[in-house]
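Enquirer: Structure below; questions to follow.
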Amino acid sequence: MAAATQFLSQPSSLNPHQLKNQTSQRSRSIPVLSLKSTLKPLKRLSVKAAVVSQNSSKTVTKFDHCFKKSSDGFLYCEGTKVEDIMESVERRPFYLYSKPQITRNLEAYKEALEGVSSVIGYAIKANNNLKILEHLRSLGCGAVLVSGNELRLALRAGFDPTKCIFNGNGKSLEDLVLAAQEGVFVNVDSEFDLNNIVEASRISGKQVNVLLRINPDVDPQVHPYVATGNKNSKFGIRNEKLQWFLDQVKAHPKELKLVGAHCHLGSTITKVDIFRDAAVLMIEYIDEIRRQGFEVSYLNIGGGLGIDYYHAGAVLPTPMDLINTVRELVLSRDLNLIIEPGRSLIANTCCFVNHVTGVKTNGTKNFIVIDGSMAELIRPSLYDAYQHIELVSPPPAEAEVTKFDVVGPVCESADFLGKDRELPTPPQGAGLVVHDAGAYCMSMASTYNLKMRPPEYWVEEDGSITKIRHAETFDDHLRFFEGL
């Protein structure tokens with residue numbers, strides 16, 4: 001099986017139409033397109049010496065954010081004024097992406113991986129928009145799956161099954177049978193998971209390529225809700241149980257082929273030496289596995305690289321920084337590297353766009369109330385996560401700058417998008433965006449309070465606007481009860 005990333009090209013067919021709603025005189029009219037889906041169904045180095053990169057001379061382009069304020073005070077996405085987009089689409093909260101930024105983010109990983117046999121597996125859980133998946137697949141990406149439906153969606157988007165990795169601590173037998181039939185990699189997470197994979201192999205009549213998910217117990221220094229590789233995690237196996245799993249694989253040669261080892265430390269990681277520390281341990285496990293006669297050829301270091309949510313000018317690790325910490329380790333053992341980026345591929349490509357409903361004060365608290373909410377974007381409420389917030393247009397000259405909680409209309413005190421944000425007092429109807437909303441935002445959206453999931457658009461390379469997901473409607477909700 002070829003492990004290096006393949007570069008596929010399959011253009012989507014476009015069916016453009018101009019939205020009919022009028023724009024204000026000071027705005028230009030922006031056509032919004034609707035996509036019609038096109039569907040297809042050993043050299044030895046010492047571990048200590050190996051952690052220093054030999055690729056540091058590579059020139060990396062400085063990151064230039066796709067959403068930025070211009071000197072005129074307006075927010076632009078790839079040169080297109082966000083306020084103009086708001087006036088050209090349905091008046092409701094929506095997600096707005098930069099398609100070119102998605103491409104640039106993936107290219108950064110591909111550049112970093114030059115010279116390393118690799119699979120870039122996009123973590124579908126971060127954002128499962130079908131058009132985004134098709135775009136990433138067309139650029140040569142693989143997919144990382146944590147449910148049977150994510151596997152089905154990956155197949156619908158045209159991903160090569162041999163570049164897909166099925167993760168999860170509770171994979172069902174039905175989903176494992178599908179994975180076995182399609183030939184995807186499966187990460188073994190527990191004793192019962194291994195038994196189910198064996199059964200799935202027998203049902204499907206196909207041998208399953210498996211990796212062992214081993215917890216290296218390296219502290220990722222992140223929020224406990226997104227730490228996944230410590231000794232008490234619900235994911236993976238403890239290293240002291242490794243021999244039991246190796247013996248079980250040996251006992252089932254027709255059903256299982258052990259091809260690699262996997263770890264996943266967590267998410268929003270901002271120190272790449274943490275990945276290095278984990279990779280050093282994983283190499284030790286791989287050496288032991290090979291000593292027992294297994295032809296292990298893959299090291300999967302997971303994902304989790306963080307981004308600059310604060311927009312405070314922090315210098316964060318790049319994909320090149322990440323890969324350089326493990327490059328020589330991987331090459332020293334002649335391994336194929338699998339990485340599982342999600343947030344770092346898609347988060348900074350998107351804003352959540354809202355209208356200001358009004359401003360109010362209670363006691364010592366000032367509130368900006370918007371039409372978006374925790375139903376559409378739950379990260380701040382769930383993790384107390386910070387996402388940068390700003391207005392899309394210049395405020396009135398007399399607008400006072402003060403501290404606001406930015407809140408939505410959902411009937412929960414936890415319904416906030418940001419707390420204690422210094423912002424100019426906005427007029428009613430003003431546009432307000434929550435930045436870096438491409439990952440774990442729309443994919444975690446709900447219909448709480450019957451807030452229907454919003455539409456999604458992206459800015460194309462030529463500056464045109466394309467709808468990439470329809471808004472959900474009240475009629476969509478009622479359809480679940482038809483015929484009952």
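Cβ from N, Cα, C; glycine included.
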Enquirer: What residue among Ala50, Ala154, Ala261 has an entry for N-acetylalanine in Swiss-Prot?
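Expert: Per Swiss-Prot, N-acetylalanine applies to Ala50.
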Enquirer: Which residue of Gly293, Gly304, Gly483 does Swiss-Prot report at the same pyridoxal 5'-phosphate site as Glu340, Pro341, Gly342, Arg343, Tyr440?
Expert: Gly304
Enquirer: Sort out for me which one of Arg343, Arg379 has the most neighbouring CB atoms within 10 A, since those are the binding-site residues we care about.
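Expert: Counting Cβ neighbours within 10 Å, the top one is Arg343.
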Enquirer: How many Å separate the Cα atoms of Gly342 (pyridoxal 5'-phosphate binding site) and Arg379 (substrate binding site)?
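Expert: For Gly342 (pyridoxal 5'-phosphate binding site) versus Arg379 (substrate binding site), the Cα atoms are 15 Å apart.
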Enquirer: Where's the emptiest Cβ shell within 10 Å among the binding-site residues Glu340, Glu412?
Expert: Glu412
Enquirer: How far apart, in Å, are the two Cα atoms that lie farthest from each other among Gly304, Glu340, Pro341, Gly342, Arg343, Tyr440, the residues recorded as binding pyridoxal 5'-phosphate?
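Expert: Per the listed residues, the maximum Cα distance equals 15 Å.
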Enquirer: Need this for a regression test: binding-site residues Gly304, Glu340, Pro341, Arg343, Tyr440, filtered to those with Cα within 10 Å of Arg379 (substrate binding site). What's left?
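Expert: Hits: Tyr440.
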Enquirer: Where's the emptiest Cβ shell within 10 Å among the binding-site residues Tyr383, Tyr440?
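Expert: Ranked by other Cβ atoms within 10 Å, the binding-site residues Tyr383, Tyr440 bottom out at Tyr383.
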Enquirer: Taking just the CA atoms, what is the gap between Gly304 (pyridoxal 5'-phosphate binding site) and Glu412 (substrate binding site) in Å?
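Expert: About 30 Å separates the two Cα atoms.
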